[in-house]
Amino acid sequence: MSDNLKTSSMETTWRLIFLSFAFSIIIFQIRAHPTPKVGFRVDLTRVDANGNYTKIELLQRATRRSHHRLARLIAGSVKSVAASPPTDQYSAPVHAGNGEFLMDLSIGTPPAAFSAIVDTGSDLIWTQCLPCSDCFNQPTPIFNPKKSSSYSNLPCSSSFCAALPTSSCSISSGLCNYLYTYGDSSSTEGVLAAETFRIGSPDPTAAPAIAFGCGDDNQGAGFSQGGGLVGLGRGPLSLISQLKLNRFSYCLTSLDDSKASPLLFGELAELKASTTAKLLKNEQQPSFYYLSLQGISVGGKKLAIPNGTFDLQSDGSGGVIIDSGTSITYLEEAGYKKVKKAFLDGVNLPAADGSDVGLDVCFSTPAGQDEVEVPKLVLHFDAGGSGVGDLELPAENYIVLDSSTGLLCLTVMGSSGMSIFGNFQQQNLHVLYDLEQEAVLFQPTQCDQL
């Protein structure tokens, strides 16, 4: 078998891939399916609806937000506290927004519907609350806790308050005030509270007494596509932890495919994986899902990356996380330099300047050329003693081509302090998070046929 993959540059296909990667607005419409198993399935349908931006502007926005997110993830950490009592499992509609995935849910009694960014790289659940000190515009009305009979503030003695990275106590009221900041200077600030959330469609299930941030001072342009954020990380504040979910999976269709694909929780989240990556835990940053990346091959040759480059260090630095909210993949600099050189040597095209789009390894393609050969990219994970740890990515999961300019780029960048496996690299992969077996499973899948 050839060490090269052929990737088509048909105008329509690559245009959609390029624009979707560049934080196009993609809406997932969900239809729940009844099942006798303990768990749930929701179907996701992709609908493209780009804003009034040129391709270059869209790509600049995409890479800029990914770079900012990298800074936030490297800096973020939370303290570990005891888990809360078990609850039932729940379903949730999810769709994709301006580069991140959005979740449809409602809050309070009576319920007030809103959408929130779904983030596997953080824990806190929060939404904007009235009265606002400084709130961004959101598509739905801002939640008013005074109109909800199920709302209650959490005291400073709450274990959830102790789990916040930054909090303070009100001497007069004993309330837990929080501040949660992100690497791009976005933030949410308010009071930690408990409320009933209703998750699922068309028949939502009530999840009572969920700890969340009721934010009255919220800043960040990227938040305005919804009304807040739902953390799905491993820490005690996340929705995964509060609902006691042990496994979930998703399968993202190709960026030019508008057909349905599933998001699965509970017993329905299962697959016979062709690739298994052992999950690692980081006591300093317990929210993240760390993968055990051991090496990388490009063009059929394993790169001479220094041993330990992707290892999780004893001080909590380093390691590789899988993240739903980062578009592209970032590799520790020592490994990235080897990958960069392999592609510069392995692609038979002149190198081009990709600084305008925020990418490092780019090439110029001749006008009218309808096929480009690029080297295979394989990630080698520690499978944990069972299964296979080699994940071969299809070319469309790491190469993007703008047919109008002929610019072809590698959607991988360098980093220092942490590596991230982004969602652009996860197209048409069924990805399962198994928190009981401490593993992430991958299966190449035609996601719109599941």
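Each residue, glycine too, has its Cβ placed from N, Cα and C.
Annotated domain 'Peptidase A1' per TrEMBL: 101-443, in sequence order.
The active site annotation in TrEMBL covers Asp119 (among others).
Summarising the environment of Asp323 (active site), the number of other Cβ atoms within 10 Å of its Cβ, over all protein chains shown, is 26. Taken from TrEMBL, the feature active site covers Asp323 (among others).
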Average model confidence [pLDDT] within the domain 'Peptidase A1' (101-443): 89
Asp323 (active site) and Asp119 (active site), Cα-Cα, nearest whole angstrom: 8
